[in-house]
Each structure stands twice: as structure tokens, then as C-alpha cells.
Amino acid sequence: MSDSFEATRTTRRRRPLQALTGLLAAGALVAGALAAASPAAAAVTSNTTGTHDGYFYSFWTDSPGSVSMDLNSGGGYTRWSNTGNFVAGKGWSTGGRKTVSYSGQFNPSRNAYLTLYGWTQSPLVEYYIVDSWGTYRPTGTFMGTVTSDGGTYDIYRTQRVNKPSIEGDSSTFYQYWSVRQQKRTGGTITSGNHFDAWASKGMNLGRHNYMIMATEGYQSSGSSSITVSEGSGGGGGGDTGGGGGSTGCSVTATRAEEWSDRFNVTYSVSGSSAWTVNLALNGSQTIQASWNANVTGSGSTRTVTPNGSGNTFGVTVMKNGSSTTPAATCAGSGGGTATPTPTPTPTPTPQSCSAGYVGLTFDDGPNTGTTNQILSTLTQYGATATVFPTGQNAQGNPSLMQAYKNAGVQIGNHSWDHPHLVNMSQSDMQSQLTRTQQAIQQTAGVTPTLFRPPYGESNATLRQVESSLGLREIIWDVDSQDWNNASASQIRQAASRLTNGQIILMHDWPAATVQALPGILQDLRSRNLCTGHISSSTGRAVAPSSAGGGGGGGGGTGSCSVSAVRGEEWADRFNVTYSVSGSSSWVVTLGLNGGQSVQSSWNAALTGSSGTVTARPNGSGNSFGVTFYKNGSSATPGATCATG
């Protein structure tokens, strides 16, 4: 392992916990050539791999002296304090379809994972099966769910380009993720179930390299003590659960609260409003309760049809020896007692806003599994919200970004891939925010004016970057703790503390948040509080503007509206394309920032060059472009439209 290779690894990381070390990977690659050794149960503090007590182990850190691992029988005790990045664990030099059992303690502060982790080659893939985490739950492009070992995992895929891997220090490869919806520390991971679920979504593995039950941390502190062993099974068939479809509709399952004897599941149907869903219970499972649908049948099969409450329903399943989520299939013909015609969405009743407005915020979207459910609930209740997507998720889910815009929610910026920005250089901060601005402009056609720093961490340098992009920093007054495994009732209780102008932190991905949202909106209505948007001037929740939709990319008066999409950018200038809708006879007023000036324009007649600029049609249609000189400000000029 050369010094140059280690130096490359030390500086390469941009997203916390996104990809493991080239140094660790290189060590694992040659693990088969290592002589079997049995180190004493002493603290390991330097980068190494080997065998101990019959298990392969790996230890890597870029902050020597701040992390140690004691090699104990069957597992290791790891301690870390204010470390940069590390990963440590025990497992097998050659992975595969193993049933892995583990137990112990995992006590992170801030950013860490407890994960079954490994690599394959041909194709080169880095994979994670995450059972618990600290302050950040990993996300990516949402691919579906898999139910295994008593829990439901969200499946994500991400890609790394020119990054260290087990094959060298400049590889391009996919990462596959299964992230448990409810945290746990201890149990069984049937890896074959995850491998099969990934394969069903085109996420194929190759020849297995190493596999370890790992603790990984980044810029955090904590401790873990994990004992690992291999079970008797080989992984079995894929227990993908979660949904299926036929003849025009599909159904997805979201696991919710769980107790020792029972658990809740929410099923959501798409593609038809006249549907029949068949649930296949496992073993001796029974249905204790249901809501928002008619449920009939006995034995191992239940038939579910609409009852006028929409296309989402829930059941409480008594385990009776099985914790597996009942599989669901959908038929769009309705059949039997299904509602013969689509059930209309209820028109929201007028609401008093005499107590003021509050800001519901959802971070880390959009996600295929939950975003549409959140938007559907908001629409049903005549409510709105502010969303803070990451640039990575925005780029990977353009249709959901359009869904955000069409639903009229306010769209802010949440960085490209959720790093600890305060530990980055100013240029890296600038890149994180600028790339996200561009991704949102390209996918939703709006320009954010709000920014929420990941983890709520900020400093003077970051605020300077925000200001240069015309962004207002938004934190929160109430933390729902949904990121920390809070239940739906706990999230709802947190929202009950909101008062006029205040903002609550929630996230796009937790199933419990989706389940809590209807109750939150009902509670606000009963208190004469309305949902609003966040003012970029004051940072407080206010009545939503009539323009709706985005985060400050445009506005309208009369019968036209205008949106802005940021284009090319250079050191001294940038391009913006403005698109007008609603009228062919329009006047757009542009508000330039600071010392900005107009260098050139196309497809419209412009009057003025600094301060306030007016644009009118010149016969070239309803889209026009402008090149602005920055002169100290990179913020996109705001635009309003009036018919003329």
C-alpha cells in the first residue's frame, strides 16, 4: 500500500459514508494471500487486515489515534472520537449468500452506519445492508423495497466515478443499498434476500470479494461492540414483498409501527381507482384491524376493495410466528364489490388561518417510495409545504421534481449529496450548492432562494457562499426526530408544538412521517393554523404566494407567469432562460442584484441594463435569454410577469 495511494484516499471523499476506502479495499483484495494470524485482544489503531478467532477483519481510518478496535471473540469493540473517516469490522474474506447473525451495541453521535458491507467484481459493486445509523440515513435513487428478517428495507442505487475501489484508485462503479426503515441493533441479515431483490431491479452482483459486519463513521464520535456469526442458511429465495401488479394497477407496501406480536402495513395502489388487491398472509398470520378499505376473506388470503377513502389503506397483522410483510397483488378490473367508478378527491373545505401560518419542511427528497404519498396527502387537505431536495436526488428523479412543482410546494436547496459542509473548503461548498441549484433549475424549472444546510451545520464561510447564490439559510424551530426512528405518534406530537411563523424539520423518506402527516394537518386545522411557505426575507413561515411552486424562480400578476432556468456560467457572468406562460402579450420585469448588469439578450426586447430591466416580446416566442455580468453577485435575478 503506497503512500500516494493512501493520500489519494484521504482526500477523495465528498459524501459522508458514501464509499469506503481504497486502502481498506486494497487490503481486502489481497486478504487471501495473508497468513492466518490470531492477534491478541489488544487495541488495533493502524490500518490493517487479517484474521482473528476464525474471522477476517478490516480496520481503516484516515485519523490515526482517534479510533481503535479491540479484537474480541466473535467481534470487536470500536471506539471513536471526533474522527475524520473510518470503517472497522469482522466477517469473511469471501462473501456470498450468507445468513449473518449479530448482536451488541451501537452508540453513534452524528454520522455513522451499522451495516453488512462488501464488494463484488465483474461487475464491480460496493454494497451495504444498513440496519442502523446516526444522524444521516443514506439515500440515493430509490429502486423499491425488500422485506426480510422482520423488517422492510428501502433499496437505493448510487454511482461513484473515478473513485478508489478494490480494483484501484480510479474506478467507476455502482453502490447498492438496502436501508432498514426501522433501526435495530441485533438480529439476522439474510443477505440472499437482498441480493435477489436487487437482481429483480436489474442490480446484479458479480464474484464476491470480502464481506464484513462493519461500523463506519465520518466526522463523529461513538462506540460499538458487535459480535458476528454465520447462520445455517444460504440466503434462500428473495423475499421482496412489498407489492406487485397486473391488469392496469400496481400496489406498494410500506412497513410502519411494529410490536412484539403485531405490525402495521400501509398499501398504496396506483394505476386504477377501481381495484382489487389480494394479500397473501404468511404462516398463521391474521388481520387484527384494517382502515380505508373493505377487507374480506379468511385463511391465508384476504381480498381488499375500495370503500371510498382513496387508494391507500392499512392493516394490522398479528404475527403468530411470522414477521414477514404479506405480499400484495393488484387487479385493475375492480371485481366483486370494488367501487365501479373512480372515487373523486374530496375538495378541501375552507379553513380559518386566524392563528397564522407554519412551515412544514421535508428534506432529502424526492424518493419514489414516499414523495407522491406526501404530495397526495397535502393535496387532499389543501395544504402546502417546503421541500429541500438534494441535487443528486433531483437529478435522478426529474419526474418527481415536476410533481413537486405541479403540487405548488416551495422548493429549496439541500446541497448536492448531504455532506458536512462546514468541514469543506469554500470552493467545495460553492460546488455543492451551485450544482444543486442547476439540477433543480433543470428538473423543476425554478430557482431556489432558500437553503437548508445538512445537519443544520453552518459557519460564516458557508453563509457567504449562500449569499453569493441569493440563498437564505433556513434551520427549524421544531425537530420531529423522524430521522431518529420516531414513531408516527411522536412526529405528530412534535408538530403540535408549532406556533405562528415556526418551521418543523421532517424528511421525505420515513414511512412514519407519511403516516403522521394526515393527523398533523388535522391538528393544525383544529388550531386555526394554516400551512404556508417560508419567506426568503424573514426566514419565517408566511401565507403562500399565489405564484406557488418553486423557491423564488418566478412570479406572476394578471394572467401570465414566468419561470427561470439557470444556464451556462463563467467566472464573470452567467446565462438565464426565462419562460412565460399564460399570455403572448407580456411584460417581464427583472430585478438585478447588487452591481449586476446585462451583457446581452436574445428572443426579447430589453429596456435597461442594471437595477430593473424590462423585457417584452419581439416575435420570437415566449422564451428569452439573458447574459448577466456578476459584478460581485451570482444570484439569479428575480422575475415578475404582467400582461401588456
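Glycine is treated like the rest: Cβ placed from N, Cα and C.
Not measured: the values here are computed from a predicted model.
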Listed range which Swiss-Prot flags as region 'Linker ('hinge') (Gly-rich box)', given the options 8-16, 548-556: 548-556
Given ranges 286-310, 536-560, the stretch to which Swiss-Prot attaches the annotation region 'Disordered': 536-560
Alpha-carbon distance [E126 (active site, nucleophile); E216 (active site, proton donor)] in Å: 14
DSSP-derived helix, strand and coil totals, residue by residue, for the domain 'CBM2 1' (242-333): 0 helix, 54 strand, 38 coil
Protein Cβ atoms within 10 Å of E216 (active site, proton donor), excluding its own: 27
Secondary structure content of the domain 'CBM2 2' (553-644), with strand meaning DSSP E or B: 0 helix, 55 strand, 37 coil
